[in-house]
Amino acid sequence: MVLFHSLLNVGILALLLLFAFQYQVVRNSEVADAARALAYYLFSSGDSSRVFLNRQIETIDEFVNMLEHTVRSYYAVPARSRGLFMHYTDLSSTSSINRDAVAPPELFMQYHEGNSGSPAFARVLTETYLLKLDNPIGPFANSTALLRNYSETCAPQVDPVAGGTFIPCRVSAVGNLLDRVVQLRLSFSLFSRGQRWSGSGAMTTVPSTWDVLVEYGFEGHRAVMTMATRLSSVSRRQCERGPLLVCWLITLAALIDLYWRLRTQLRIASSKTGKHSLQRERCSSLSRSDSATASRALLDAAVKENGWRWLGYLSNAIVLSFTATALVAQHRGRTSDSQEEAVTLLLAFAALLSSFRVVVLLKLFPSWYVLIDGLATALRQLFVLAVGVLPVLIGFSVCGTAVFGGFSDNTYFQSVPSAIVTMLCSMFGDNLLNTFVRVDQSPCQLQILFARFFFITFMALFVCNILNIAHSIIQDSYSQALKSYADMVTAKEAAKVTPATPFSSSQEQSDRGRKGDDDDDNGAGARRSDELGKGKGRQDEVEDFCTSSVDATSISASRSSRDSERCCTCGMPEQHQQQRTCACVRGPLRAAEVERMLRQLHRLSL
């Protein structure tokens, strides 16, 4: 069954990779290339990244020039892009003369009616301007008409803080208007006619709509304003035979895997509940310690197998979620960026979990599975270590953000998430010197001393202590896995060469005990007396055999808890069992029993 589930998982992984590299990655690349080309036409940036979509505007003249350049580039896009991006017509023009007029960009602006401190400052006005080609900057061409401050004065006023005087308004009309702006947003749309070459050699046209939104914000003293551009697309989609077939095959394979997994789990659970509980007596202290050792080993193995089983359930759930989302996206007439992002993320997560499940194939080769067993053991201890260390790491990050986040050029501690990433990179030796140089720059001497104390404390605690503890956990877990594998091999070899026990099996003893209990009500006292005599005669031999079989019991780490904790009834009546403690009569494991227990452990991974 392990091989069956592993082959199903390999098939699912192959289909996921086929869907990813033959369809989804190609589509995402086309959308990214179109967005990059459109940004290049609008902002004249040849950078392949998206950094140019978020920039800081340092001066008022730069803002005016940037706005004018963006509007003029919008009108010139069809000529520069060879017809791949085209304008929409202006639906507001109803006359036959302007029916083919280009839809102009819209500039949305909210601003205060008066200067700061005046009664008119509380009133917020909202205006929308259509930016034509003859006036690409709209209201900023004649800002004086929007100020409406004829009753207000810009005469110097007394500063209540420093005692000097200041001018309450700017000399520049554009600057005065920008001081009153609350929100400024530029938006327009373009029609895209992308070309895609199919596998047959024919070219297909993919129509889509691109929405461009440019938001201007105002923050602090770093710049006049910030510009953030967002490009989103909505395209028309037709059902494609290849992606649909792959999605249905993935769904079928995932359902088969989930069905057999649940069926096997229910069968194992029913077989466990259907078995009769065996009578247990007090065992010797040595056999009890051996049983506890075997039980702990079995418990660790069961925890690991439960982890693989729940990973399989999670993988099936993510795979089915991906196929459902992809099928819905295929049957919709139009698609959006958010939907494509959801399909991409679910596809990546499903492929990741399926790749993890390929490791189960190594269970067929136990000598290769030792490394994975050690890593699985180490992950639990590393998780406990991470839970204990995380509050300390967050404390260092919050402290670093509060102290060093005020530097305008220090990007390492501008926020708590960025500070956590900086601390982790410093712990592993990445950008260690550069980070220290950044935090050591301050005009305050006390802050410089605190920066050095902060960094030395972090290095001593995380680099010299916690990192070494994590390394020791991994090394000890791998050594423990090697020892467990060696014990299992030794027990298997010992079971093959050890002769069969001269005594009756535990099942026969339990049947004989149950038979004695059934005959108790019928008054079979003679048979009990004979069995008691035989038990007394063989008691010394039984104790010697139990002592000699302790080594075989401690070697077999994979022995089931039911067999390791079973005590003999010695065939004695109940009143004599209370008077005399019987040792565990359990012979060495046979090769067939070892194989049976190994198969049970394999079934636990389902």
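Our numbering is plain: 1 for the first residue shown, then up by one each step along the chain.
Each residue, glycine too, has its Cβ placed from N, Cα and C.
Note that the structure is a prediction, hence the values are computed from the model and not measured.
Checking the ranges 310-330, 415-435 against TrEMBL, the transmembrane segment annotation falls on 310-330. In TrEMBL, the transmembrane segment annotation falls on 382-404 of the listed ranges 244-266, 382-404.
Across all of the domain 'Polycystin cation channel PKD1/PKD2' (341-480), the predicted model scores a mean pLDDT of 84. Long-range neighbours of the transmembrane segment (310-330) within the same chain, counting only residues 6 or more positions beyond its ends whose Cβ lies under 8 Å from a Cβ of the stretch, are 5, 9, 12, 16, 19, 237, 239-240, 243-244, 247-248, 250-251, 254-255, 257-258, 261, 339-340, 342-343, 346-347, 349-350, 353-354, 356-357, 606.
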